[in-house]
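Novice: Structure below; questions to follow.
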Amino acid sequence: MAEASRWHLGGTPKHKLHYRREVEMRTTLQESLLYLIFLINLCILTFGMVNPHMYYLNKVMSSLFLDTSVHGEERINFKSIRSITDFWKFMEGPLLEGLYWDSWYNNKNLYDLKNSSRIYYENILLGVPRVRQLKVRNNTCKVHSSFQSLMNECYDKYTSENEDLSDFGLKYDTEWKYSAPIINSPWHWGFTGVYRNGGYIFTLSKSKSETLDKFINLRMNSWITRSTRVIFIDFSLYNANVNLFCIIRLVAEFPATGGILTSWQFYSVKLLRYVSYYDYFIASCEITFCIFLIVFTTQEVLKIKEFKSAYFKSSWNWLELLLLVLCFVAVFLNSYCNIQTFLLLGQLLKSTEKYSDFYFLAHWHIYYNNIIAITIFFAWIKIFKFISFNKTMSRLSSTLSRCIKDIVGFAIMFFIIFFAYAQLGFLVFGSQVDDFSTFQNSIFTQFRIVLGDFNFAGIQQASRTLGPIYFITFIFSVFFVLLNMFLAIINDTYSEVKADYSIGRRPDFELGKMIKKSYHNALEKLKLKKPETDEDKKSRKSRDLAEQARREGFDEKEIQSAEQMKKWKERLEKKYYSTEIQDDYQPVTQQEFRDLFLYAVELEKELHYVSLKLNRVMRKVSALQY
């Protein structure tokens, strides 16, 4: 019997099973420490790319070119442009004044400008700005027969198929002749279309007066026509004080409906990566990142070889693969950006009389920043893999894994109702309310309504009847019913998990306990803490159990009763259930008999309580069956 008790189920000795758990915990602890170093390195790497001056540089430039009003007409700035007349006023006013800073505020030259403009005296204008427009051909749409007598020209929205490639106007200069797009140049995604490179292009002069004459000449000769669909104003700056390039694009779209829609892009990027000592420290972090990437890739390849198809059954393994893919993409984009910067930067800065197209470099740097941001997001999510051995985190993961099927079923029902309301809002309010102007806008608007951000006055003005009905029924259905159902699913599942943990159904080991145990052992070996005796361990364990019981909702009376029963049990087991064989007869004293009687009474109460619980559960099960 004693021999059998030494063996666990399946014939595995208990001490071997315990050893395996210790090895597993130790391996998990080593992996978590290694991953923590990797995460710290990744954080240093990503935060090293971001400079607080990027925001301030963008803010200063946007204030200069977007918010500066036309002299004498305070209502006209780039953001408020609505007509071709307003556009030319901006070009000949705020844009011209913002680009050409050829003297100090008191009209004195304090330094050699070297034939370049210094915006705000600190930002060098690289090369010269470029203005580019795209047009569409006539008769790209069809005029209804009833109106052909009034209008015989029709210009559709911009697409690459509708684009006009023919020369127009004076035809003797580049701004009147079509220039073919560059193959590797990125397209621009605007409000009313996706625009490619090329078009009718002209560059500005180094002289402010010559540029003004150019604008007047283009305006007088109708460079902007009915077929114009978009105009881009591109230029780049460099601030040596903070080692940042600012690539600026101002966009004016001319939709087929008439009017002008303005948008803008300000990209502050660090193209010259390695200048200061801190930059070289970031470079060392990049090398360390690549080493970690090789190590983690090797580990995952070995795991796939060992476990084969079983490897892909774990969601954590899929997260590992996703993280590795993102890391490789980030390394590739970083290498590509550095190579392109090395190859193109010298050529772009060589000629100061031409337009320096830094937009291509900035575009890929923004892609790299986005990829590295997504990478570090999933890198932080992976921490849950290591802290899931903690009891609290284990409860969270158990709750989510148990209720995932219910959440999926709920999500299907939720999005059916949600998309139904989105389509209703788009069809009823789309032509009058900006928040519902497209189906995508309607979806995001409804998420904002759930969060309490909504424009009820606009909805009501669009439809006096359907507006309030839509709003009230949406709030009731989604906010009061569906969201509370979602919370009820989570709450009910968490209660089940908490009940299972209270009766002992919990993970076999917790990483936090091992770390705590290793910490105490290290203190004892360094003689910074006295070794714990058996009595100390028992009292500490008793305190931990009592604290756990308080957290789980037991009152003080129940805790004291349980502690008293435990003391009786330990005392009786020590006297009557000792493993040593005792030949001498030991009579039971009156005090011992009293303790045994009280212990039996308390045990009977507990058994009665458990019996009542079981009867209640059986009645519920019977009711469910019928």
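Glycine residues also receive a Cβ, built from the backbone N, Cα and C atoms like all the rest.
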Novice: What does TrEMBL give as the disulfide partner of Cys141, choosing from Cys43, Cys154?
Specialist: Cys154
Novice: Which ones in the same chain are close to Cys154 (disulfide bond), with CB under 8 Å and 6+ residues apart in sequence?
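Specialist: Listed in sequence order: Asn138, Asn139, Thr140, Cys141, Lys142, Val143.
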Novice: The transmembrane segment (33-51): which same-chain residues, six or more beyond its ends, come within Cβ distance under 8 Å?
Specialist: 242, 244, 268, 270, 278-279, 281-282, 285-286, 288-289, 292, 296, 369, 372-373, 375-376, 379-380, 382-383, 386
Novice: Limited to the domain 'Polycystin' (77-272), I'd like the whole-number average of pLDDT.
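Specialist: Result for the domain 'Polycystin' (77-272): average pLDDT 88.
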